[in-house]
Amino acid sequence: MYITVVGIGYVGLITAVGLAILGHTVHGVDIDAQKIADLLNGPCPLYEKNVQKKINYLYAKKLLHFGTHYRRHDRIFFLTVGTPASQDGTIDLTPLYAAIDSIIAFVPNGALFLIKSTVPVGTSRKIVHYLREKNVCHAVVSNPEFLREGNALYDFLNPDRIVIGADNTHCTAILTKLYQPLLNKKIPFLLTDPTTAELIKQASNAFLANKIALLNELSDLCVQTKADLGALSLGIGLDKRIGEAYLKGGPGFGGSCLPKDIRSLSRSFHQYGIASHILPAVITANNHRFTYIVNRITAILGGIKNKIIALYGLTFKADTDDTRGSPSLSIIELLLAQKAIIHGYDPKTKYDLLTYNEKGSIKFFSNPEETLCEAEALIIATEWDMFQNIDFEKIKTKGMLKSNIIIDLRNILNKNLIQQQGFSYYCLGRDI
């Protein structure tokens, strides 16, 4: 099939690459000419494991191309444009409708719109009404994504399920053919209406956010009761009704999906006059998590005013360059508010794109060892594999850290090994 993917952000890029791997001829469209130039000439402007090699291969096979304009013969459009959200859960659909307008100006009738952008419940039906008012005839389907950044391409090719929200059998037949290579792997194919498909997406992320928030609160209880957080997580996760995923504990949930979806879903409850008690509590618990961690850091260091703190990991999780909604940045904001001096390092973050509400002293480094200069403590905030292989013996021998304090917010380091090197080690569920 000939397919166009509109909006080449994280979701759009993986969707385009994934569909091309399935054998379709895919054209990725974005209004950002520089992004398209980078995709065509390299390096890829977005970091995701194995994607650059796949782009090169698919481009050579003429299965994948990128540009700023549509192609005449395309009739299947995956809409993956960004939909910014405010703190109250309002999602700005202006970019989505702008993309739709650009398509219908090019293809007046007969196209299939597949909505993958994050949207409030009921959006697909509103788009159908919008198209009718424009006197154009296009089919609209909700086809939500469930990708984990850092493992997104794997998730596209090995999904837990494919959800299709469509109102007619013709669309269903097209999508059955489109996803046939995945259906041959016996992946569940759930057919429902568009509104339910949209709700499945947001409800799934709400469940995950709830799971993370609860585990983090249990981590706090472990500190006070001396219970073992690792054993607790395993003991809970081995229950098949619960599962082991998202039970590691950490500085709080973040990223572009979970905070956005849970706020949007909470707003939907409000708009329909239904009281939601759980969703606001999860948001509050996650926000409190950042404050709690900063308070513990302050206590460990005996105050943080004018003290240099090195922080490793700025992305919201490992194996991505995405800092949107990153817990690391929320923690940095709170540290800066208390006049701490931050030295930051991340292997993939584009430092020039970072912004802060809280003005203060912050500096980013390209070398992790230089980040430690004169620092009172090192905070591990993101679970990059490279941080598990830090040469702590070298750090100790050369006196890189001023106070030899390690604060591990991801529990990825070997406590005994670090303590043997003469460091004070603080981790989740025991000290934090």
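Placed from the backbone N, Cα and C atoms, the Cβ positions cover glycine too.
The Cβ of Cys257 (active site, nucleophile) has Thr118, Asn205 as same-chain neighbours under 8 Å, each 6 or more residues away in sequence. DSSP assigns Cys257 (active site, nucleophile) to coil in the three-state reduction, outside any helix or strand. Here TrEMBL flags Cys257 as active site, nucleophile.
The NAD(+) binding site annotation in TrEMBL covers Asp30, Lys35, Thr83, Thr118, Glu149, Lys260, Arg324. Lys260 (NAD(+) binding site) has a Cβ environment of 21 other Cβ atoms inside 10 Å.
Using a 10 Å Cβ-Cβ cutoff, Phe146 (substrate binding site) registers 17 neighbours. The substrate binding site annotation in TrEMBL covers Phe146, Leu147, Arg148, Glu149, Lys201, Tyr246, Leu247, Lys248, Gly249, Gly250, Gly254, Lys317.
For the domain 'UDP-glucose/GDP-mannose dehydrogenase C-terminal' (310-415), the predicted model reports an average pLDDT of 93. If you look up TrEMBL, you'll see 310-415 marked as domain 'UDP-glucose/GDP-mannose dehydrogenase C-terminal'.
Candidates Phe146, Arg148, Gly249, Gly254 (binding-site residues) were compared with Lys260 (NAD(+) binding site); those inside 10 Å Cα-Cα are Gly254.
Taking Cα separation as the measure, Glu149 (NAD(+) binding site) is nearest to Gly254 of the binding-site residues Lys201, Leu247, Gly249, Gly254.
Cα-Cα distance from Leu247 (substrate binding site) to Arg324 (NAD(+) binding site): 22 Å (rounded to the nearest whole number). With respect to Arg324 (NAD(+) binding site), the closest of these binding-site residues in Cα terms is Gly254, chosen from Phe146, Arg148, Gly254. Listed binding-site residues: Asp30, Glu149. The one with the lowest count of other Cβ atoms within 10 Å of its Cβ is Asp30. Once the Cα atoms of Asp30, Lys35, Thr83, Thr118, Glu149, Lys260, Arg324, the listed binders of NAD(+), are compared pairwise, the greatest separation found is 24 Å.
Counting residues of the domain 'UDP-glucose/GDP-mannose dehydrogenase C-terminal' (310-415) by DSSP class, helix then strand then coil, yields 30 helix, 27 strand, 49 coil.
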